[in-house]
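The annotation N6,N6,N6-trimethyllysine is assigned in Swiss-Prot to LYS5. Marked as active site, proton acceptor by Swiss-Prot: LYS166, HIS285. Residues or ranges marked as N6-carboxylysine by Swiss-Prot on the basis of sequence analysis: LYS192. Annotated Mg(2+) binding site per Swiss-Prot: LYS192, ASP194, GLU195, in sequence order. Annotated site 'Transition state stabilizer' per Swiss-Prot: LYS325, in sequence order, evidence recorded as sequence analysis.
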Amino acid sequence: GVGFKAGVKDYKLTYYTPEYETKDTDILAAFRVTPQPGVPPEEAGAAVAAESSTGTWTTVWTDGLTSLDRYKGRCYQIEPVAGEENQYIAYVAYPLDLFEEGSVTNMFTSIVGNVFGFKALRALRLEDLRIPPAYVKTFQGPPHGIQVERDKLNKYGRPLLGCTIKPKLGLSAKNYGRAVYECLRGGLDFTKDDENVNSQPFMRWRDRFLFCAEAIYKSQAETGEIKGHYLNATAGTCEEMIKRAVFARELGVPIVMHDYLTGGFTANTSLAHYCRDNGLLLHIHRAMHAVIDRQKNHGIHFRVLAKALRMSGGDHIHAGTVVGKLEGEREITLGFVDLLRDDFIEKDRSRGIYFTQDWVSLPGVLPVASGGIHVWHMPALTEIFGDDSVLQFGGGTLGHPWGNAPGAVANRVALEACVQARNEGRDLAREGNEIIREASKWSPELAAACEVWKEIKFEFEAMDTL
């Protein structure tokens, strides 16, 4: 014979190793596994480990030329999910050597590239990843991080304020720039290109960049504050994306933007490197994330996409609001907000954090709260997100009955009132409405905003509960 036993394999003999002690250098994954009826959980967990590492469906001759023990993924623990029938969390350990250094792309191709179509599984969701320090250190991470951004902007002790310019499609570049100017002049720190504003026939990117730069410089001169507009550099090719970032740098503006999931991790990491080398901040939008993360039992949880972004690089990322029109459970959201901002995050299952994560001083990312929020939400947002965040009010600025600049004034007054109240020791959760009401006596712009949005609520049952 040829010296090996041919035939289809029983995965659990090789890949289910409950006695395995994880190494500090292993990448650890927590999968939510729903096996097909009749498939035992150990076999399903082992299949995940095999298919996302060294395994193939049958024994092959070339297995003899390598050391399976050194390179295989191992399913080292399986636990049933409370309250779910036939659903398990399978923990898998991957040896570090399976991954190319500094490549989020390769990490995802390996871990989630193939296994999600596997027939023995009804559904599969990647809930969390533990990135070991040895692998973290191969990534540059965010171009600048939270502290450097505050120093560049000279803004401390409060969240930053933003606004997405609407209508997102159809404005000419000059009118777009005018809307940017009014918002920044009224008191916002940032305005934002919508994620799907790239370079369309009604407004080419170069014209937009030029008029937005003009708006930034004019509003800076008039307010004495540093201003920015997230110029969306996302493009159809990496070369074109970098060309747009170069033009932004030539204009001297502080920040550009990228859609990291539609643009892809390879493009994103290149852009992040360019931004660090050239002193540009990088704002990240997560367009397409719900395609990947919305289903409770299949796909990838956003906390994994957030960790991946911190590795690939970005200074801001959208992270749900807890209070607005887009869903996001409070504890779960705060869990991945901490994963974005903090250096060391303890395992905490109540917040969806399956592993302790040590980022070994990789810079942090500012979470961006955006979507359906307005002045009445300000106390809750200040309380929930704290100072290190960007609060973005699109309609909540531009929908003001008196126009953009008064809308911006209303938001800035509301924010400053909340920060002052908090610093004076007041309870934002309990006295929030009172704080806003008091402030509106001194600000007609805020009073008008309070009138418009007094009854708006977006209330649905959350989808993604643990």
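Here the Cβ of each residue, glycine as well, is placed from N, Cα and C on the backbone.
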GLU195 (Mg(2+) binding site) and HIS285 (active site, proton acceptor), Cα-Cα, nearest whole angstrom: 7
Among LYS166, LYS192, HIS285 [recorded positions], residue with fewest other Cβ within 10 Å: LYS166
Least buried by Cβ count (within 10 Å) of the binding-site residues ASP194, GLU195: ASP194
Between LYS166 (active site, proton acceptor) and ASP194 (Mg(2+) binding site), the C-alpha gap once rounded to whole angstrom: 8
Three-class DSSP secondary structure - HIS285 (active site, proton acceptor): strand
